[in-house]
Amino acid sequence: MGYKMNIHSGTEYKIHCLRGTEQGGSTLSNSFDVRPYEIRIPDADLDDMMERLKRTRFPQDFGNEDWRYGYNTEYHRTLIDYWINEYDWRAVERQMNKLPHFKVDVMGVPLHFIHVRGKGTNPMPLLLHHGWPWTFWDVRKIIEPLTDPVKFGGTEADSFDVVLISLPGYGFSSPLTETGWNFWKTADLENVLMKQILGYDRYATAGGDWGALIAQQHGHKYETDVIGVYTHFPAQMSHYLAEHPDQPDGITYDSALGLPAASEYSADEDGWFDRGKLFVENESGYGELQLTKPQTLAALVTDSPAAQLAWITEKRYFWGLAERGSGTKAFESVWPKNDLITTAAVYFLTGTGGTSSRYYWECRGNPWTPSHKRFPVVGVPTAVSIYPGEIYKPPKTWTEKYFNLKQYRVHSSGGHFAPLEEPEIYVNDVRDFFRTLR
């Protein structure tokens with residue numbers, strides 16, 4: 001199967017579409033100006049960030065060696081010291097700019113995206129995603145293996161054209177000037193990007209965290225446009241809502257948690273329900289804040305790079321360590337300081353700590369509604385990967401009802417941030433699945 005595309009790679013191009021459209025309540029013109037983009041933070045902004053870091057005030061902390069009270073202050077001191085004395089934003093920026101970046105104004109969003117053409121005669125278009133608290137840079141390890149499989153031991157036939165956006169209100173897809181941006185509206189925007197701006201007839205899509213829900217929405221609403229969906233965070237799209245029109249029949253739910261009940265899990269899924277229960281009861285406070293008062297959080301993280309670092313690093317710690325134990329040593333075996341600081345720096349330097357948090361509020365305040373009442377909810381062929389450190393793992397009985405499930409794998413390592421934690425496993429799963437759909 002070929003994948004038609006209406007542009008050719010180059011340094012500059014303007015794309016004129018054949019028609020306008022209506023998406024998410026916005027009328028689009030039939031012309032999009034796609035501009036090459038270079039990440040270049042002004043020196044004055046970097047100087048300001050450094051001065052703020054040097055004035056960091058550290059809280060009193062005791063009895064918290066295992067992070068039971070939250071983010072460990074001793075580790076925070078270590079990260080801030082590294083950020084001031086060793087971290088080099090310009091070096092990271094140069095690495096970022098090795099990728100082909102673009103900007104385009106679409107649906108009121110100054111959208112930042114990466115578009116890497118695959119090597120080979122017929123690469124499949126693949127729309128990748130990040131989530132929160134991620135940035136596009138957290139997906140970087142899987143881009144080249146997917147676009148140049150031969151270099152990484154694969155075959156040319158497994159090549160993909162990779163498209164990766166910064167979600168609206170995240171990083172360089174800013175500043176936002178309109179409310180309403182959430183996962184389902186992002187899927188509408190991306191469909192415009194893939195179909196009308198980049199000119200692909202059909203495309204594949206993959207993601208975790210918010211990116212999983214976005215990918216699932218593509219497979220739910222845009223079935224004729226989507227080749228298939230790969231997710232490593234299979235989740236119900238109505239999870240944050242009071243009503244659940246996408247809840248499959250025949251599944252018993254735990255009313256207190258809003259998740260499939262413990263009785264739905266098989267012996268092979270021992271511990272999965274407890275992992276989800278732990279997350280809901282002990283690790284979801286951030287979500288309640290971002291679901292209800294994200295602008296209050298914005299006042300903190302926009303003013304202080306140290307606060308931004310603390311807010312997101314604590315999530316990295318608790319969302320990716322289930323099978324590795326606890327404590328700073330185990331954490332650092334997975335998360336280099338450079339990665340943690342770069343993520344915080346992107347949020348702080350772009351001033352998007354607040355708008356990215358609003359994504360949660362808009363999920364409940366601007367609720368998802370199904371495009372159809374059919375089951376499975378995600379009707380296109382779907383692959384699901386389960387990683388042991390994931391914050392929530394539904395039983396396979398639920399997954400089989402919610403998705404048109406064609407590939408299902410349970411892995412022995414990895415967690416919520418699989419593209420960074422286990423990029424080789426991730427790439428192999430994606431290749432194996434979409435190979436069956438070429």
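Every residue gets a Cβ built from N, Cα and C, even glycine.
Residues annotated as active site, nucleophile in TrEMBL: D209. Summarising the annotation, TrEMBL assigns active site, proton donor to Y360. Look at TrEMBL and you will find H416 tagged as active site, proton acceptor. Sequence annotations record features per position, and here TrEMBL assigns domain 'Epoxide hydrolase N-terminal' to 34-139.
All features noted in TrEMBL, drawn onto the structure.
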{"residue": "D209", "record": "active site, nucleophile", "CB count, 10 Å": "25"}
{"residue": "Y360", "record": "active site, proton donor", "CB count, 10 Å": "21"}
{"residue": "H416", "record": "active site, proton acceptor", "CB count, 10 Å": "25"}
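Per-residue pLDDT, averaged along the domain 'Epoxide hydrolase N-terminal' (34-139), amounts to 97 for this model. Following the DSSP three-state reduction, the secondary structure of the residue listed as 'active site, proton acceptor' is coil. Taking CA atoms as the reference points, Y360 (active site, proton donor) and D209 (active site, nucleophile) are 12 Å apart.
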